[in-house]
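**Student:** What TrEMBL records for this protein is below:
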type	residues	note
TRANSMEM	7-30	transmembrane segment
TRANSMEM	42-60	transmembrane segment
TRANSMEM	95-119	transmembrane segment
TRANSMEM	131-153	transmembrane segment
TRANSMEM	160-182	transmembrane segment
TRANSMEM	188-207	transmembrane segment
TRANSMEM	310-333	transmembrane segment
TRANSMEM	353-373	transmembrane segment
TRANSMEM	385-408	transmembrane segment
TRANSMEM	450-467	transmembrane segment
TRANSMEM	487-507	transmembrane segment
């Protein structure tokens, strides 16, 4: 358990640093970029090309990442051997290169379909940009073996450096090409994606010498073509699950691209990038670190004491991210329009973007909880359990797509957020069902430990009421003449409410931090 918590804290700290640097950097450059583009141009880059690259990358590598990093129960006896790390590296080497050929096939199919389906005067330039994005994904996948081994060795610092540098190069290249060239806008974003992929490959390639050194004579063609049955089985299960999970997460965007105009795609793309800033900054690195920690915990279900500590850790994580989500849903709806007006001017604040962003703030807590609960269930379920999870995800995907089509046609971009929220709620319910079954019979397991205390929820409700009343009185009734005065007073009210709510959380939710610190101290004693 000490190792588990250490992996979680170290991984989260490093990945949080990566997300903080890259996302804030992305936000700053994105602000500069958006001001140079029309909503239609921004929609192509923020929704269509983003969907293209994430589809190819996620389907090609996600299953192999999780399959290589998860420690199967059949491998536990090898951990006690002196050459355990070498044996594990050999197993991973036989799997970790597979995302490259898989990615080439998927990239070829997806890019060919998009170019074939494209019509209009700009089809040639659009297809050129699509092909460049496909090439970029293949280049990035060439770094995947090093990425997987870096995570296997817990080299989160390498990812911090590589992805931070690649993001910076990508954003600077977009700005330079926008300001100093006459290149087609779509092609500019494609070139920047190629730059990101090349920097990633070079960065992760610095790990290659150590891989050759550690592998030694075992790094042969035979080793690369020897597939560990357990790891391959898990990788295939996770790959299938990745397909379902991707269309669950992005299905609404596929619907948006199919039925909405480029203008509405641009509006949704802007809101999605803003609304997901907190998600990607805090929740994504925590989810990835939690999966790694839970996968390699080694806690047996017969070990009641170990299971008790695992319950405490999971409950503390779920409750912790719930508190962050509570802050978003408390203040987001009342400050979304003001934020868009200050940052992006009235060009964006007078569209439906404020309403979409307000709804997205209610979606954030669901994203946060689902990230942790799914990370846990994927880490601890056996092959049969993962199979049933895939069946459930297929059913949810079909429901999600149907709901997305109906909601988008009725409410436009707002319908996308509502459909995604229902999708996330169904996935959380299934994860909770799996968690309840896994911890059945553990005395310390209680659902009440997973949710914030009543005092916190009542405090959040009161703060939301005050913030919304402030927005109505200051902006709707126009009691103040200038926008600067209105903004300052409204922000001051929000800051006071936020400070009071954080103080209330500190006292009422102290058990969350107590559990984490107690687990850490017990781990340190065991190490001594």
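Start at 1 and count along the chain as shown; that gives each residue its number.
Placed from the backbone N, Cα and C atoms, the Cβ positions cover glycine too.
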**Student:** Against which stretches of its own chain does the transmembrane segment (450-467) lie, if we need a Cβ under 8 Å and a gap of at least six residues from its ends?
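**Tutor:** For the transmembrane segment (450-467), the list is 315, 318-319, 322-323, 326-327, 329-331, 333-335, 493-494, 497-498, 500-501, 504-505, 508-509.
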**Student:** If you count every Cβ pair below 8 Å, which range out of 42-60, 131-153, 310-333, 353-373 shares the most with the transmembrane segment (487-507)?
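**Tutor:** Most contacts with the transmembrane segment (487-507): 310-333.
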**Student:** Apart from its near flanks, which chain residues at least 6 from the ends of the transmembrane segment (188-207) lie with a Cβ under 8 angstroms of it?
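**Tutor:** For the transmembrane segment (188-207), the sequence-distant neighbours (Cβ-Cβ under 8 Å, at least 6 residues beyond its ends) are 44-45, 49, 53, 128-130, 132-133, 135-137, 139-140, 142-143, 146-147, 149-150, 155, 158, 161-163, 165-167, 169-171, 173-174, 177-178, 181.
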